[in-house]
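Chemist: Mind looking over this structure? Questions follow.
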Amino acid sequence: MTKDEDSGTTDGGYSTPDIAVQEKQDQPPAPEPEYATGFRLAAIMSTIFLSTLLAALDIGIVATAIPGITDDFHRLDDVGWYGGACFLLVGSSAPMWGKLYKYFSAQLVYLVSVVIFLVGSIVAAAAPNSAALIVGRALQGWGCSGTLGGSVLMISYVAEPQKRAMLIGMWMSVFMFSTIIGPLLGGAFTSEVTWRWCFWINLPVGGPVIALVVLFFEVPKHIKPAPATWVEILRQLDLPGFALLLTSLVCLTVALQWGGQTKSWSYGSVIATLVMWVVLTIAFFVVEWIQGDYAMVPLALLKPRLVWTNALYGWIANLANFQVLFYLPIYFQSIHGQSAIASGVNSLPFMAFFAAGSMLSGFLIGKTRLLQPYEFASGVLATVGAALLYTLDIDSSKARYIGPQVIFGIGIGLGNQVPMTALESFSKPEHIAPTTGVMLMCNSISGAYFVTAAQSIFANYMLKELASIAPDMDPIQVLTTGASEVSHVFQGAELEAVLAAYLAGIKDVFAFSLAGAAFTVVLSLAIPFKKLPNMFAGPSNGQEEEEGKKDGPAEKKEDEVAV
């Protein structure tokens, strides 16, 4: 070793750090962020809204179509899978889609997700039997997951930072609107044409979506896929983790559909599936820990308190949200004898004020750069609204069921999009895609968990109430009668007993929602009180630079919360 080498210099007289600095100076500067504006932004957002409308419609459209489906296939034991298959794949595949968006062109991955969704729609629409319909619904869920996750990701890619919160709020409003009108369309198609049109209708809408994606989904130049070999990408997809997560969710779904409804909770198969759910869930987290950076849910991403508290907040907030979304129409149809369409119309206050709350929080976040206060306010208002919904009775007036919807809707809307905004805003650019996938997984798996749990709560408490007031009635007949058909199938004392049983089940589901809303208040207090990073691409004047200094050194802030 020469003296120069020993002293950390080369024969040319430059120290190693000097060379590193020189090389860094010689490198071309990173491209300045370019964001979509004007017509291009409007075209991209229109495409995102249309594809979200398409994907979210099918989450709830099958609910009112189930009576017609069971008339054709005569498989009552498969009823839970017609909706559950979609939810299971949306939740379990979300992190996988996040990885695909990281390593491939966002336009290509988005296009593939839409195509998979449309293929699933064709399979479901043309299904000759129940098994084929379930496969079609699973494919729809798989494609839906990529479309919904990609929609949020594209907003973060193409929109200026100060506009993102507002646009994500608008996107959430479209999502909620779609899930509300889904059952309306499902009921209309099933009554007037055939349930198969619940799926055929996706094709004439999906065609223009594909064309719009091809024409307008151009990602800004500063967003580039991460370089990786095919072997590396395959490892990143974490297929063992995906398989364990999916099978654990299937076990839980089966156990909750059996328990107390078609089989006793003490039945061997019910206990076995619950045990398998626990074992597979533990195995999933063990595999994720072993996989490290290759895990579909990299546990390191969840380490910062800002991340895991927001992810948990989003998970629990959807507990409160989904129960009201699905069981408020059941209340209207069963207790008030309304049609599927009328029940949807009477649920519009919830949807309208959810949209208003979402857009309001997006606007306020853009102005104040605060997050936690809106999550706290969201939890408080949602708790009050859920408590009022719990008080609904058989003879409740319009004012009694519209007022709580307004409070609950604006409450849930205020906080629903905040966790996604927080995680995307505090993530490093290369981590935005997988972080979005993890957040979507939390939101979707909460649907898979809690919608199934709510169905079990509803059925078990309804049957318990029915057994106490009308022990001679056939519980299977009550379970298999559609909510809108209750007043037609039962009369007199039987109808009174069934309505009382339905109300008992619905109130317990609303109590479940109330517990979730109250828990979000507690969770919001654990979320770090931090302002978003400067929402502009870079300081353009002294005032913004000074504001950045007030927030503290950028490097320190990134160390604390960036993922």
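Backbone N, Cα and C atoms are what each Cβ position is placed from, and that goes for glycine too.
Not my notes, these are from Swiss-Prot:
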- 547-563: compositional bias 'Basic and acidic residues' (COMPBIAS)
- 1-32: region 'Disordered' (REGION)
- 538-563: region 'Disordered' (REGION)
- 48-68: transmembrane segment (TRANSMEM)
- 78-98: transmembrane segment (TRANSMEM)
- 108-128: transmembrane segment (TRANSMEM)
- 138-158: transmembrane segment (TRANSMEM)
- 165-185: transmembrane segment (TRANSMEM)
- 239-259: transmembrane segment (TRANSMEM)
- 270-290: transmembrane segment (TRANSMEM)
- 312-332: transmembrane segment (TRANSMEM)
- 374-394: transmembrane segment (TRANSMEM)
- 406-426: transmembrane segment (TRANSMEM)
- 438-458: transmembrane segment (TRANSMEM)
- 509-529: transmembrane segment (TRANSMEM)
Chemist: So what's near the transmembrane segment (509-529) in sequence-distant terms, Cβ-Cβ under 8 Å and 6+ beyond its ends?
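Modeler: Contacts of the transmembrane segment (509-529) (Cβ under 8 Å, skipping residues fewer than 6 from its ends): 305-306, 309-310, 312-313, 316-317, 319-321, 323-324, 327, 371-372, 375-376, 378-380, 382-383, 385-387, 389-390, 392, 408, 411-412, 415, 450, 453-454, 457-458, 561.
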Chemist: So which of 78-98, 108-128, 374-394 has the most C-beta pairs under 8 Å when paired with the transmembrane segment (239-259)?
Modeler: 78-98
Chemist: Are the transmembrane segment (48-68) and the transmembrane segment (270-290) close enough to be called in contact, which here means at least 3 C-beta pairs under 8 A that are separated by 6 or more residues?
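Modeler: Between the transmembrane segment (270-290) and the transmembrane segment (48-68), which are separate recorded stretches, there is no contact, as judged by 3 or more close Cβ pairs.
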Chemist: Could you tell me whether the transmembrane segment (270-290) and the transmembrane segment (78-98) have 3+ CB pairs under 8 A, leaving out pairs under 6 positions apart?
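Modeler: Touching, no - the transmembrane segment (78-98) and the transmembrane segment (270-290) miss the threshold of 3 or more Cβ pairs under 8 Å.
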Chemist: Do the transmembrane segment (312-332) and the transmembrane segment (138-158) share at least 3 Cβ pairs closer than 8 Å, excluding pairs fewer than 6 residues apart in sequence?
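Modeler: Stretch pair does not touch.
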Chemist: By a Cβ-Cβ criterion of under 8 Å, what residues six or more beyond either terminus of the transmembrane segment (165-185) are in contact with it?
Modeler: 45, 48-49, 52-53, 55-61, 63-64, 148, 151-152, 155, 159, 198, 201, 325, 329, 340-341, 343-345, 347-348, 350-351, 354-355, 358-363, 365-366, 413, 416-417, 420-421
Chemist: Looking only at residues six or more beyond either end of the transmembrane segment (406-426), which have a C-beta under 8 A from one in the stretch?
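Modeler: Sequence-distant neighbours of the transmembrane segment (406-426): 152, 156, 161, 164-165, 168-169, 171-173, 176, 306-307, 310-311, 313-314, 317, 320-321, 324, 349-362, 365, 371, 374-375, 377-386, 388-389, 432, 435-436, 438-439, 517, 520, 524, 530, 532-533, 535, 561-563.
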